[in-house]
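K.L.:
My questions all concern the structure below.
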């Protein structure tokens with residue numbers, strides 16, 4: 001299917017607005033799950049570590065399933081995936097209001113809502129990239145603010161709904177609001193040429209040579225026909241023997257015109273089956289070769305020491321940096337900070353400052369005199385210090401200041417694609433970014449339960465946040481050490497094969513002499 005040239009405007013701005021609202025509606029509750037976390041602790045009486053799995057799954061499942069999400073969007077389109085995922089998110093939220101225990105929430109809120117959010121994120125980013133080229137960075141920056149604004153608003157909204165309607169009523173209303181994703185999805189018109197026709201059925205002889213990785217001879221097709229021919233003749237012999245008791249069915253074949261017509265149809269059918277068999281074999285071998293190439297490219301990526309340090313850093317960052325957005329409200333309650341002292345929820349402060357951080361850090365990354373990688377490392381080191389300072393915060397003001405700082409530094413997600421591009425190059429960005437997002441999702445899923453388990457064992461958050469700060473600091477130092485010797489040499493591409501070809505030719509000529 002041929003797509004039109006990205007308009008960089010026009011209906012694209014409607015796509016941006018629809019994508020922004022989609023991320024606002026789907027990520028609002030999962031990112032502000034800290035408000036619900038406290039209510040689930042009181043409602044089910046489970047440990048903090050076990051209860052934290054609900055919010056961590058909702059944030060991590062979508063990243064872990066990013067390859068599946070990409071495949072769905074490529075196969076069915078952004079509009080269909082958005083509408084279907086809207087039902088998933090809304091249904092998961094409403095279903096969570098009827099949860100009899102915490103294990104039910106693992107499925108309804110953690111997996112269903114989390115997977116729906118992952119699908120929606122992939123769909124919104126994909127359709128936005130289709131509509132924008134020169135303004136793609138601006139468009140992606142705008143839609144990414146939807147999740148931060150959702151965190152800011154939903155933190156206060158969910159607390160207000162719980163106060164008036166209880167936890168179950170809150171989830172029902174938030175789920176009903178998520179149904180507006182269907183309206184946003186209907187606006188995501190696919191960008192394709194109006195005069196394109198449906199693709200014709202592919203014949204075997206029209207298949208390009210690049211699909212035939214193993215160039216088999218045509219005798220394979222003849223062999224397939226011969227096998228089918230023998231099988232068919234054996235079946236015909238058995239049928240004729242059972243019907244007449246005669247071992248000479250050939251005479252009957254020549255005498256009966258109907259049988260002759262049937263034989264011609266059978267020959268045509270056998271040839272078609274043989275062609276399909278041959279095509280399927282070639283396609284299977286192509287898929288296998290693609291899988292081998294993917295594994296080889298993955299191995300080549302991990303040979304890059306900066307990339308290896310980067311995946312460790314993002315994994316440790318999400319283990320240590322994600323828990324505050326989920327647990328900060330409970331940290332305030334554990335520090336005996338009364339709710340009457342809360343002019344604004346701490347999670348709302350994290351949300352609004354995350355949006356500011358994405359904008360400011362994104363602007364700084366555009367300056368040529370700023371090394372984006374060192375900027376990213378600096379955010380990790382400062383965040384580790386802020387995490388270690390949380391146990392010393394015993395008032396709302398200090399917790400609010402630390403929440404704002406942590407939220408601002410969490411905005412380093414906006415420069416992470418820049419760092420990945422500098423590390424592996426633009427041609428390997430999609431492959432490398434998918435691997436890194438998998439480890440980010442793994443860290444998101446493990447971080448809050450680990451911090452909750454520390455509290456269950458020690459009955460304090462002090463050691464838990466020291467551990468979180470150590471994880472982020474370790475990831476930052478590993479990445480810094482991997483890049484300090486030669487940042488530029490890590491980004492040099494492998495030499496082109498031209499010199500190798502020249503040397504080979506010289507060697508072959510000398511051998512001929």
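Numbers run from 1 along the shown chain.
Backbone N, Cα and C define each Cβ position, glycine as well.
TrEMBL annotations: computationally assigned, not manually curated.
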K.L.:
I'm validating the feature mapping. Which of 306-322, 323-339, 493-509 is tagged transmembrane segment in TrEMBL?
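P.N.:
In TrEMBL, the transmembrane segment feature sits at 306-322.
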K.L.:
Which residues, given as numbers and ranges, are at least 6 beyond the ends of the transmembrane segment (137-156) yet have a Cβ under 8 Å from it?
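P.N.:
Residues packing against the transmembrane segment (137-156) from afar: 12, 16, 19-29, 31-32, 34-35, 124-125, 128-129, 131, 174, 325, 344-345, 347-348, 350-352, 354-355, 358-359, 362, 413-414.
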K.L.:
Mean pLDDT for the domain 'Major facilitator superfamily (MFS) profile' (15-487), rounded to an integer?
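P.N.:
Summing pLDDT over the domain 'Major facilitator superfamily (MFS) profile' (15-487) and dividing by its length gives 80.
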